[in-house]
């Protein structure tokens, strides 16, 4: 009698396992849910459509690819807000902020790029936001921007938060001008005849010529 009951229970358990059923006492937290990932994606897509942040996906089969004429463009980028990501639009999109060393960067006060001088045109003064009595030449512009890399407003002028063109111009006028080099030091000394440029015309001496 007991053996018959044991065999009946074992056969029932084997039938459950063969059918893919799991008894309640054998439930493990590692067992995946019966809801498929596709069902979850469809649910999330429906919620995002209700919120207005998901657009229906339009796909073109391979045989219709040649029917697309005219310029094609792709929208979306680093700073374009929420985007339609993933086949169901369910991939979370976070608008990233450009930072340096985890510190938000204020691009209005950026000192990373040189600021060219702004000489005053005829009839304008310094009150109009330009520099008076400055030479409007390319050489002065190069010198002006070169000094910006050496100019430290935080230490030289503690009250300033960004470049001050007027103070920089005053500093340039008071300092010693850099001497221009008119002689290239790399062209001095004895020339190496065995070193030739790649595009130079090959030179053959008379000794290398074949006797006629």
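Cβ coordinates are placed from backbone N, Cα and C, and glycine is handled just like the others.
Summarising the annotation, Swiss-Prot assigns signal peptide to 1-26.
The disulfide bond annotation in Swiss-Prot covers 120-130. According to its DSSP assignment, residue 130 (disulfide bond) is coil.
Cβ contacts within 10 Å of residue 141 (phosphoserine), excluding its own Cβ and spanning all protein chains shown: 16. DSSP assigns residue 141 (phosphoserine) to a helix. Under the heading phosphoserine, Swiss-Prot lists 141 (among others).
What Swiss-Prot records for 174-212 is region 'Disordered'.
The phosphoserine annotation in Swiss-Prot covers 205 (among others), and the record cites similarity to another entry as its basis.
Sequence-distant neighbours of residue 130 (disulfide bond) (same chain, 6+ residues apart, CB-CB distance under 8 A): 118, 119, 120, 121, 124.
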